[in-house]
Structures are given as structure tokens and as C-alpha cells.
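Engineer: Have a look at this one.
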Amino acid sequence: MRRRTTLGGHTYEFASLSDLLAKATPARSGDVLAGVAAESQAQRVAAQVVLADVPLATFLDEQVVGYDEDDVTRLVLDTHDAAAFAPVASLTVGEFREWLLARAAERDEAAISALARGLTPEMVAAVSKLMRNADLVAVARRTRVVTGLRSTLGLPGRLASRLQPNHPTDDPVGVTASILDGLLHGSGDAVIGINPATDSPAQTVALLELVDAVISRYEIPTQSCVLAHVTTTLRALEQGAPVDLVFQSVAGTQAGNRGFGVTLDLLAEARTAALELGRGTVGRNVTYFETGQGSALSADAHHGVDGPVDQQTLECRAYGVARHFDPLLVNTVVGFIGPEYLYDGKQVIRAGLEDHFCGKLLGLPMGVDVCYTNHTDVDGDDTDTLTLLLGAAGCSFVIAVPGSDDVMLHYQSLSFQDVLTARSVLDLRPAPEFEAWLARMDLLDDAGRVRELAADAPAARALLAAAR
Amino acid sequence: MTPLPPEDGHLRAPLDPGDGHLRGGDDPWALLRNATRARVALGRAGDGLPTARELEFRAAHAAARDAVHTALDADLVRAALTAAGVGLEVLEVHSQAPDRTTYLQRPDLGRRLAEGTELPAGSHDLALVLADGLSPRAVHEHAAGTVAALLERLPGWSVAPIVLAHQARVALGDPVGEALGAGIAVVLVGERPGLSSADSLGLYLTSGPRPGRADSERNCISNVRPPHGLGYAQAADTLVALLQASRRLGASGVVLKDEGTALPPA
């Protein structure tokens, strides 16, 4: 098929489907670094014009990353659900955008949410490239993905948070202090999730036991996770450690996952092992994945059948991996990877909304680590903007650390106060089981808000007793 | 500043019956604050942060941002080297990244020498490259002290002229070391600033430097930043052990670690 159009007197032609997808992508530094970005604004729009006329079904016939070479492509195509795809099977990418916006306006959550297994990552990436930020919010808001283990996530009107109590040396006292601070601010309903300072099995087991003890002592309806490599978690499982969630970073190509030291079989094995523990009370989702635009490029694992693939399409392919393992949580770490992939606040905000929309449309319980490093041109105003947009978009969860400052990973995420602000401004509440627990612990006021406590308040004393 | 965690591994009770007072004076949240450098127990203004805590955070972020965007001051580094008693000749090179904005978005350009760069070919045991990296401030403040401590510990090693590198990534040490004819290159580079560490210097050792070396072929000592991080003497001791092992093996990177040369925690 010829992929060309004339715009403003110039004719633009695109060499391949992956070239078209890359050129149609809103500007970001990673695509420039990979040498696939549009060379002018007009060329970008021309690509979007051509992409709008591509039938969705094309993505089932024509591959961006080869079927024979790549197990992510095989996984996606071999599990494609033709019946779920049927309602939109005859549409072009541009018509699909309009179909989604119409269903969103009608608040027809069922119609949108039922598509998930009929869509491929490339279809979702393609339609996102034609959408404005508000389109991404409007459709994601009407896409429902509900998961559970010991709390229920993704319900309408809720915004959960991962409490991330990292410490540079995994010191148990320091970790505990950050956990208590987060709980006192109403954070932790998605997970209490620690990035360990080292990837040793012994350390992982020690941290798992520490968080499990806090959760058990106060009967908190949430789950723990130590974000070690999946092979480390498997070792911890063999030792009988209290593993709620199997974590792994995943990428959108087989080569990218090899770079992370994982295979699809390994992920399946770990999920099965965690399921066998039966630690859930309200659900059976036992995996947690993190992703982020640029991860494949940074591992030189971004090549497809017709050359390099743009980072946002590859990110969607990572979701194609994640959804196969019925995750409780998936989040993009949107500002972490650096300015060579997402340069500034505008690019980070755009990418955060794209990732959230695409993940959700593919059926994932999508969260976002709204974050930045100091060499990126992003600040608290940008993270406020993205957080409030994500709250409006029905984001499953965000990540929060004490005072926005992760003292182990040396980057800035949201603070517990930021989560309170987003909930308050947008009238969102914590996960229902966790909200009931907060009420039992006398941490909510009469209006249901997380109250600000004096240290000698009984609720504070009760929680701080864990520190003795 | 937030104090270090207590040494005994136990959080203090908020109302310690021993003395009846909170640790940390009148602040009831000292219990949490004494346990971690993390920004716990900041208090609230409504759902947001109290003004003082908000401004403290902004000040830390501003210091880190400024550290990234400070230009490498060659005269300052030369003067510091002289003051530290380092008598080696100092040369300057630039990468192919023409400015900071390009440097941040194009790490590939920061790894290559600018067209037309000439360095005196020789035969040396060691080349030292002082690279601005993501914190020129770290080079300003800690490079001279580290180099002096290192040279003291390497009598008998032939060391090439010191190379100051602008808009440079770690891998720029590969073409520099190759051009100088050095057996080993050590790049002293400003690390990505954190909120509480805008001046951290990293040391990267590469045996047989030449373009195309993989990161797995390097050894790293991180967080040289006295008094809060590693001191110069301690960093130099570790680096010398690595250099000797590297010279013995004719290699660096993962194989060095397998030799049992433990690296300090990052």
C-alpha cells in the first residue's frame, strides 16, 4: 500500500508502517536520538493524516517487529481475540479515534472496556498518536479495569497510591519510618512497594518480612512488594517468604526483555508460584510490572523489521507483555529515564497521558510514577499538572514517597501530600477496603478526609507503636 | 538538615519514659525524622506542604538543577590542581555536543571527540580525564583532591597529561585514552545530582581504552564527595587496588570483580 499524502504543496511519503508510526508521534527526544522522529512539524502532521486512513486490521497483517524473531509479537498475535475486535474491525485509525470519543461521551464504559483483548499494542499506539491530551483523558476515564488482591483497585471515583519507603541501605528502621509516615497520610492502598538497595535474596526476604509484619500487625488491607528481579523473588518464594506480588520491569521486545534478564516463561513460572500462596482476600492478581518509554532504546533493543521503532509504540508492546500475566498493578515510570528520552515537562506530561490511556485500553490496571530527575527540565508544576490530569483520567494509582524525595533512587516522585491534594481536588477516595481501615484507625475526619494528627493523638500513637 | 538514623537500630518512642521528652525538642514527629534521611513528618498546610518545607524542597531542587547547568570552569580546575600539588600538564577537549541542551538529549555526541581534536600520542600507564558529566560542580570541588590522592599512591606509574573534557560522557575517556596511548583510562565525572548531593564525583576505570568499549568493561567508584560521601583517600585506595588488579589482568569490568576486588557500595 502506498503511504503518501500532499500537504501544503509538498508530498510526503513514508517508507513503512513503523516509519509512519514514528513520524506521526508527538515530538520527543528519544525518537530524535533513535533517528526516527519527524524532520518537521509538517511531516509529523502529514504522517498523522496518512495514519488516520490506515485500517485497524492492517496491524494484524503487517508487523512492526517480526513474528518469527520476537516472542512479544507472537504472544500478541497468538492471543488476539477476534470476537472482542469485531466492533471496530472495519474502522480506520482515524475512525477508531472518533468511535472511542463517541463512546466516552456516552459514558459507555462497557463498550470501550470490552475491546481490550481485541486490540493490539500497535493499534492503540496508532490511535493515541492522533489524540490530543484531553482525548486521552476523556477515553481513559471511561475505560474500566478493576483488579484486586487484598484491596480493590480501579473502581470509579478512587485514586490509590503506592507507598514507596525506599532507603539507601534498606535500613529496617528507616524503611519503617517512611511506611508509617505514608500510612498516616492515607497512602499505601495500591501497595507498599520497596525498591531494594541491593538485589540479594536475603535482603529481599528481610524486607518482605518487615512489611508483612506491619501489614499483619495493623491488619491493613493492602499488599507488599519488594521490587527485586523476578529471579530473586523466585528464590524468596522457594524460601517461604511472604510474597504478595511478583515484580518485574518489562520491555516491548524480546531483546529488551533479554536485557532485563527475563523471558515470558520465567514470568509465567513466578506468577504461578505466587498464586499458589493464596494470599489474596478480594482478588487473585499477583503480578506487578513497571515500564517506561525509552527502555528498549536504552538497551539497543528497539529494532523492528523496517528499522528502529518509535519509543511509544514499543512502550505499548510492553503492555502487551504485562497483560498476559493478569497484573494487579502496572505503572510507567514516566520521567525517570532521562532527558534523552523525554526532554521536558511538556514531553513528560504527554507521555504520561499516552501511557495511561494505552495501558488502560489494552486492559491494564494502569498507574503512573509521576516523576523526574534533576537533569530533566521538569518541576513540581509539571508533576501537579500531570497528576491532576491523571486523576481526571481515572488513573488506578500513583506513586508517593516522603516529601517527593526518593533518597535511594535519587529522583523525585509525588509526595503523600500530593496524593491528598489530587484526591481532594478531584473528589477521589482511596481503595474501599483501605478507606474502611483508615476509618477504623481513626485517621479520617467526619468528611472522610485524612486528618492531620498531633503525635499524641491516639491514632498516631497506635501506629507509631510499631516503631518501638 | 535531617539527622542520620540512630545506630542502635531502634526507633525512639515518641514519649520516652526515660526522660519524658521527645527527641528533637518540641517537635512531636522527631521519632520519624530521627529514623531516616527521607523527608518524613513534614506536616501539612491543608492537604499541601507547610511553606518552609515547600521552600526547602525547592532550594534543594534548584541546587541540583544549577549543578547540571553550570559550565565547567577550566581555570578553576587548573588552579585547584596546582594548589593540590599536581604538576601534570593539563589539556582541554570538547565532545561533539556543542551545548548543554544538545548534550542532555544526545548522549551519543557526548561520547565522541569533537572533529579535529588533537592529543599528543605517547605511551603511558594511565590517562586521567576530568569530565563535566551531569555535575561540573563535582569536578570543580572534588577532582583536584581525588587526583592528588591518587598520584601520591602511584609512584612509578607514567601518567599522561590530564585532560579536561567539556560536555563529556564517561565513554569519552575511550578515544582520549586511545589517542594518548594509555594502558588504562580513569574518567572522573560529575554524577547526576540528587536533591541532597549536587556535587558527587564518579570514577570510571577502563583497561585498554578505545571507542566501542562496553559499560560492562568498566569499574566504577561512586559518590566521592567528602565529607558526606567517600573521602579522597578512601576513594584513591580503592581505585589503586583496582588499577593494580587491572594492570595485572590486562582487563577491567566484570572480570575484575570476579577477581574478588570488592567495590564499595554505591
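Cβ atoms are placed via backbone N, Cα and C, with glycine included.
Because TrEMBL annotations are produced automatically, they should be read as predictions rather than curated entries.
Annotated substrate binding site per TrEMBL: A:Arg162, A:Leu163, A:Gln164, A:Asn195, A:Glu290, A:Asp369, in sequence order. The adenosylcob(III)alamin binding site annotation in TrEMBL covers A:Pro196, A:Gln248, A:Ser298, A:Met408.
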Engineer: Quick one: of the binding-site residues A:Arg162, A:Leu163, A:Gln164, A:Glu290, A:Asp369, which has its CA closest to the CA of A:Pro196 (adenosylcob(III)alamin binding site)?
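Structural biologist: Nearest in space to A:Pro196 (adenosylcob(III)alamin binding site), counting only the binding-site residues, is A:Gln164.
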Engineer: Taking Cα atoms as reference points, which of the binding-site residues A:Gln248, A:Ser298, A:Met408 is nearest to A:Leu163 (substrate binding site)?
Structural biologist: A:Met408
Engineer: Indicate whether A:Ser298 (adenosylcob(III)alamin binding site) is helix, strand or coil by DSSP.
Structural biologist: helix
Engineer: Return the residues near A:Asp369 (substrate binding site), defined as same-chain residues 6+ apart in sequence whose C-beta is under 8 angstroms from its C-beta, sorted by sequence, else 'none'.
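Structural biologist: When sequence neighbours closer than 6 are ignored, A:Asp369 (substrate binding site) has A:Glu290, A:Asn331, A:Thr332, A:Val333, A:Val334, A:Gly335, A:Phe336, A:Val398, A:Ile399, A:Ser413 within Cβ distance under 8 Å.
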Engineer: Nearest of the binding-site residues to A:Ser298 (adenosylcob(III)alamin binding site) by CA-CA distance, picking from A:Arg162, A:Gln164, A:Asn195?
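Structural biologist: Minimum Cα distance from A:Ser298 (adenosylcob(III)alamin binding site) across A:Arg162, A:Gln164, A:Asn195 lands on A:Asn195.
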Engineer: Starting from the Cβ centroid of A:Arg162, A:Leu163, A:Gln164, A:Asn195, A:Glu290, A:Asp369, which together make up the recorded substrate site, report each further residue of the same chain whose Cβ lies within 8 Å of that point, ordered by sequence.
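Structural biologist: Close Cβ neighbours, site residues excluded: A:Val191, A:Gly193, A:Leu227, A:Asn331, A:Ile399, A:Val401, A:Ser413.
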Engineer: Relative to the Cβ position of A:Pro196 (adenosylcob(III)alamin binding site), how many further Cβ atoms are located within 10 Å?
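Structural biologist: Total other Cβ atoms inside 10 Å, all chains included: 21.
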Engineer: What is the total of other Cβ atoms whose distance to the Cβ of A:Glu290 (substrate binding site) is within 10 Å?
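Structural biologist: There are 23 of them.
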Engineer: So how many other Cβ atoms are close to A:Met408 (adenosylcob(III)alamin binding site), meaning within 10 Å of its Cβ?
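Structural biologist: So the Cβ neighbour count for A:Met408 (adenosylcob(III)alamin binding site) comes to 22.
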Engineer: Helix, strand or coil: which one is A:Asn195 (substrate binding site) in, per DSSP?
Structural biologist: coil
Engineer: What's the number of neighbouring CB atoms sitting within 10 A of the CB on A:Arg162 (substrate binding site)?
Structural biologist: 28
